[in-house]
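Visitor: Handing you a structure now.
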Amino acid sequence: SLGWVDVDHVITRKMQLIAEAEQLKPVFMKEVDSHFTEFVNSLVAKSALLDSSSSASLFPASSSEKELYKAKTLRAPPEHGKIFTARRSLLDELFEVSHIRTIYHMFIALLIVFILSTLLVDFIDEGRLVLGFDLLVFVFGKFPVVFCTWLCMFCATVIVPYNLFVWWAQGYSRSSHRVIHSFFYGMLFTLFQTAGLGFGPTYVAISYALPPASRFIVILEQVRLVMKAHSFIRENVPRVLSSVKDKSSTVPIPRISQYLYFLFAPTLIYRDSYPRNPTIRWGYVATKFAQVLGSLFYAYYIFVRLCIPQFRNSSQETFNLRGLVLCIFNSILPGVLILFLVFFAFLHCWLNAFAEMMRFADRMFYKDWWNSTSYANYYRTWNVVVHDWLYYYAYRDFLWFFGKKFKAAAMLSVFTVSAAVHEYVLSICFGFFYPVLFCLFMCFGMLFNFILNDRRKGPIWNVIMWTSLFLGQGVIICLYSQEWYARQYCPTENPMFLDYLKPRSWSCHMKM
């Protein structure tokens with residue numbers, strides 16, 4: 001009243017208001033969540049009404065029960081599969097939050113520490129700054145062979161599957177022996193997938209003795225193009241069958257431009273069209289490619305500082321349980337860092353860069369896999385692009401063929417296919433067969449998939465999931481690195497077939 005401000009009273013009142021706001025926050029969030037749930041439920045209900053009305057128009061009440069049963073047993077058309085919609089990647093949204101962006105800055109600071117550590121150690125040992133990147137030059141060697149191989153694979157994928165489908169579709173309606181006609185073209189397509197895209201690139205990678213990173217480029221592109229070609233045929237064949245059944249005058253054949261766009265688009269599910277952005281942000285593209293390059297150098301310094309010093313002399317030590325346990329726990333840190341880098345560089349930066357250049361609007365290449373409390377949810381959210389392909393073309397087609405009673409068998413088949421392909425990629429790229437990843441995937445992966453299922457919701461399950469993931473990365477980095485150095489420093493003269501299957505690290509004790 002005399003012009004003085006009671007500071008203590010103002011601060012006390014402010015703290016009371018903050019406390020009241022904190023108390024109201026859960027109630028407010030609960031109300032927002034309930035209204036949002038009601039809104040989503042209403043959208044689902046309206047969608048169900050639209051589906052029922054469309055099905056009623058397709059199958060009028062005068063249709064017989066036999067026709068209705070036949071209609072239900074037909075494969076679902078492509079538009080009933082994955083729905084593409086315009087949405088941003090999750091990390092792009094999270095990086096707008098300053099707290100999350102700080103974690104990104106911490107990883108950049110760790111990279112700077114790795115660089116300074118490497119430069120200082122080289123300066124102390126050599127008396128000068130050594131800026132060589134011999135490891136990168138080696139692993140990405142023979143690039144002209146890689147480029148020519150990729151160009152042949154891509155051109156073959158453009159020409160062969162598309163023309164086989166066009167010839168089959170144009171002749172199917174006029175053919176009097178449709179089963180034989182379809183079997184003939186199906187065998188040609190299968191031959192192309194196994195011999196052309198399957199055997200050819202593998203033979204080039206082995207016969208030309210490509211280094212590891214170059215082999216990864218060839219083999220991963222091989223797998224990607226095989227999956228793309230399968231999706232194109234799988235999505236378009238039912239449309240042709242439906243048009244012939246309806247006696248349509250036109251055969252639904254996609255344009256070659258649509259197929260070409262699909263081959264470059266960051267998805268493995270074919271559609272004639274996708275949601276598109278109006279413009280291309282070239283600054284965003286440049287940023288993502290720069291982050292990919294930075295992640296590559298990050299991985300280089302991880303191997304130089306954390307992996308190579310540990311495993312270079314591993315062939316001097318006798319293989320024993322104590323050394324194995326120490327090796328696994330020493331490999332957890334580089335293994336986890338490599339896991340983060342693969343996720344960030346490929347699933348976020350690389351796919352978003354190509355999506356931006358293609359104006360591809362659906363950027364859900366992954367979900368919040370780091371919040372998973374179950375391995376079932378982790379497998380669904382880690383790599384959405386591959387998961388969609390496995391779900392629609394392996395899991396759902398398995399159930400369509402054998403019946404919905406065999407869900408466990410369908411899941412087992414999907415796990416087996418995924419584990420076999422992962423092990424195939426590593427075996428070809430490293431040049432030896434050491435099925436560590438296959439055993440982890442099929443044994444512990446399947447076990448945790450059933451134990452850590454979707455009913456596990458507490459935070460302790462997220463801790464258990466991360467702990468097992470850390471240990472798995474340590475096992476992978478340790479065993480594959482030991483085997484790599486054992487193969488380099490303990491070569492076998494006149495090796496037999498069993499020598500390629502027997503782990504060399506178990507018996508390699510030669511002094512370097």
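For all residues, glycine too, the Cβ spot is worked out from N, Cα and C.
Okay, so TrEMBL annotates it like this:
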ACT_SITE  His422  active site
TRANSMEM  103-124  transmembrane segment
TRANSMEM  136-162  transmembrane segment
TRANSMEM  183-206  transmembrane segment
TRANSMEM  282-303  transmembrane segment
TRANSMEM  323-351  transmembrane segment
TRANSMEM  406-426  transmembrane segment
TRANSMEM  432-451  transmembrane segment
TRANSMEM  463-482  transmembrane segment
Visitor: Would you mind listing the long-range same-chain contacts of the transmembrane segment (323-351), meaning Cβ under 8 Å and 6+ residues beyond its ends?
Guide: 89, 91, 107, 266, 288-289, 291-292, 295-296, 298-299, 302-303, 306-307, 310, 314, 317, 363, 365-366, 382-383, 385, 469-471, 473-478, 481-482
Visitor: Just how many other Cβ atoms lie inside 10 Å of the Cβ on His422 (active site)?
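Guide: Its Cβ has 16 other Cβ atoms within 10 Å.
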Visitor: Count, for each of 136-162, 282-303, 406-426, 463-482, the Cβ pairs lying under 8 Å from the transmembrane segment (103-124), and report the range with the highest count.
Guide: 282-303
Visitor: Can you tell me which of 183-206, 282-303, 406-426, 432-451 gets the most C-beta pairs within less than 8 Å of the transmembrane segment (136-162)?
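Guide: Per the Cβ under 8 Å count, 183-206.
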